[in-house]
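S.K.: I'd like to ask some things about the structure below.
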Amino acid sequence: MSNNPQLNKSGQLQHLLTTEGLPASILLNILDTAEPFVGVTERDVKKVPLLRGKSIFNLFFEPSTRTRTTFEIAAKRLSADVINLNIAASSQSKGETLLDTVNNLSAMHADMFVVRHAQSGAAHLIAQHVRSDIHVINAGDGRHAHPTQALLDMFTIRRCKRDFHNLRVAIVGDILHSRVARSQIHALTTLGVPEVRVIAPKTLLPAKVERLGVHVYHDMAKGLKDVDVLMMLRLQNERMLSARLPSTEEYFKYYGLTPEKLALAKPDAIVLHPGPMNRGVEIDSVVADGKQSVILPQVTFGIAVRMAVMSILAGS
């Protein structure tokens, strides 16, 4: 029996809560399963019947555009029934607890919950209390994790670079407040990337981040040298409890990705960004819209990856 709360007694994926602690075999299975779904998204009839009759509830307690929309599209392309809970109009606004909300929705014969919440651990809490036939996907919880974003990033990297084992990857920006960065680091190291770098000012790095197996840089010129993949992160101003930077202009001067800084990486380096982008803060428009950017393909691949996660969970 597995001690991982994401796995069932047979070692199959029961919930997707974080990339941390998941074996490479499960991560690779998700990436492999996503491959044929890319073709589905390119067809005239963008639908397969794998989740016909299943009810998927999207519970987004934080604002979202890409994640919520791509989860909804992914579920509908799998032929599931999708219910988007309007949090502002729900009983949550009247003081109902998170678990009471989930228990009531479970009584409506939900099959899967996709959850985004400002509190770290919210998806784990739900997973601990739902029936064994219900699956939970963490769509982002506080500063903790965003596993499907990391997985679609891994899918994008593999599509462009084929092999994880010879890559030098740099994650640049607000590492301290980023759930994406944590999920990316766990996925990259699990999949065998030999060198993962984080580049940020000291005020935007977690304490003892080196324990995650990353190399820390405070200087873009050194950190970007010979890098294959650049993963840019926005400043999470909504999670900052105090001022950590003199100004966004100063941040862009030292840490914004410009064509000049990108030239320090390998000539065929690719640039990723989970969105939303703040042009002129963490990335220059010339780079964001340039030939080395794979930011829009990330969004497209996100649908296929989320289809893969849902279909695997439904099959477990």
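All positions are counted from 1 along the displayed chain.
Quick reminder: no glycine exception, Cβ is built from N, Cα and C everywhere.
According to Swiss-Prot, the protein has these features:
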- Arg66, Thr67, Arg116, His146, Gln149, Gly275, Pro276: carbamoyl phosphate binding site (BINDING)
- Lys94, Arg179, Arg234: L-aspartate binding site (BINDING)
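Burial and contacts for the listed features, if you can.
M.R.: Every protein chain shown contributes to the tally, and the Cβ of Arg116 (carbamoyl phosphate binding site) ends up with 24 other Cβ atoms within 10 Å. Arg116 (carbamoyl phosphate binding site) falls within a strand when secondary structure is assigned with DSSP.
Arg179 (L-aspartate binding site) has a Cβ environment of 23 other Cβ atoms inside 10 Å.
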S.K.: Please find which two of Arg66, Thr67, Arg116, His146, Gln149, Gly275, Pro276 have the most distant C-alpha atoms, given that the record lists them as binding carbamoyl phosphate, and give only that distance in angstrom, rounded to a whole number.
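M.R.: If we measure all Cα pairs in Arg66, Thr67, Arg116, His146, Gln149, Gly275, Pro276, the largest is 16 Å.
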S.K.: Would you pick out, from the binding-site residues Gly275, Pro276, the residue whose Cβ has the largest number of other Cβ atoms within 10 Å?
M.R.: Gly275
S.K.: How many Å lie between the Cα of His146 (carbamoyl phosphate binding site) and the Cα of Arg179 (L-aspartate binding site)?
M.R.: 6
S.K.: Suppose the carbamoyl phosphate site is Arg66, Thr67, Arg116, His146, Gln149, Gly275, Pro276. Which further residues of the same chain have a Cβ inside 8 angstroms of that site's Cβ centroid?
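M.R.: So the extra residues in range turn out to be Ser64, Thr65, Ala139, Gly140, Val180, Pro274.
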